[in-house]
């Protein structure tokens, strides 16, 4: 009888907590409100194309290019507007991959049976010096290469910073990343940024991949009003602090977000810096949010906090002017590592989280955080 009673209590709480309008610490959308937050609205007229991995214009490993960067360089230098496919043989590649702005659409895919077979991995902390960075990756770049200016800019810094800590960095539109593991293995101090994948462009597709890191694993879109759309499907993303962050418009579909507990006692999944003029930031649908077993008792994995980019204190925030991150998590499974009553936390500026549970509410009111849920399930829903 105790087991049955407990089960009913848990189920009852899950249903009650997903009842709109929710609470000021955990707002829930009505079905009418949720209709505004569909994949098609986030993608704003873009229909991601079906990705083909049946051909290879360039091959890395197995008798092809020795580095991925060399294959990228060759594909871009070849020019044209037709898509170029780069097949990456199974193995581990200890390098960075930079795709600068180009009109050549690229598809990079792993040739193994799963993304774990083809790994791009490096330890790059935002705190290392430009000279250290140059010694680590300089052999990949020569003057005149398409991405040389990206490398040169990073190498000139006293500390390379967040962007230059990226293992895989995309500045070109229409890039497709398939069946790959991209990993930044840096975990130096527990506080340093170390990006696995950064996208600063439009119409990026990531499919059946793994993005691994600790802080700032996936930098999805720069801030501002420039359109930067991404579609991420069937992908595993792992980290601890703000491990999905940025100002782009990104749809995550069928993904798993896993919070690591090997460095910190708390974790934050999303840290969006959505421009206040942008209605759509991150949409998470049909996905799973989970974490290491160490969080099962503490429940210290938070859905999100706002990345108040450029602000050093909460009193600098100006509603309607400052970045105000936007996230919708819907029809997903929320495992028992999330604090049920208050799953969001304080912004990077120190601005206290404020949810809008009003019965008649403006979902883009800058006086509130724009974090919402709809129809989620699981033992922390």
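The backbone N, Cα and C atoms fix where each Cβ goes, and this holds for glycine too.
Sequence annotations record features per position, and here TrEMBL assigns signal peptide to 1-16.
The annotation domain 'Pectinesterase catalytic' is assigned in TrEMBL to 61-135 (among others). Broken down with DSSP, the domain 'Pectinesterase catalytic' (61-135) shows 20 helix, 22 strand, 33 coil.
Helix first, then strand, then coil: DSSP counts for the domain 'Pectinesterase catalytic' (159-308) stand at 8 helix, 62 strand, 80 coil. Taken from TrEMBL, the feature domain 'Pectinesterase catalytic' covers 159-308 (among others).
Neighbour density for residue 242 (active site): within 10 A of its CB lie 23 other CB atoms from the protein chains shown. What TrEMBL records for 242 is active site.
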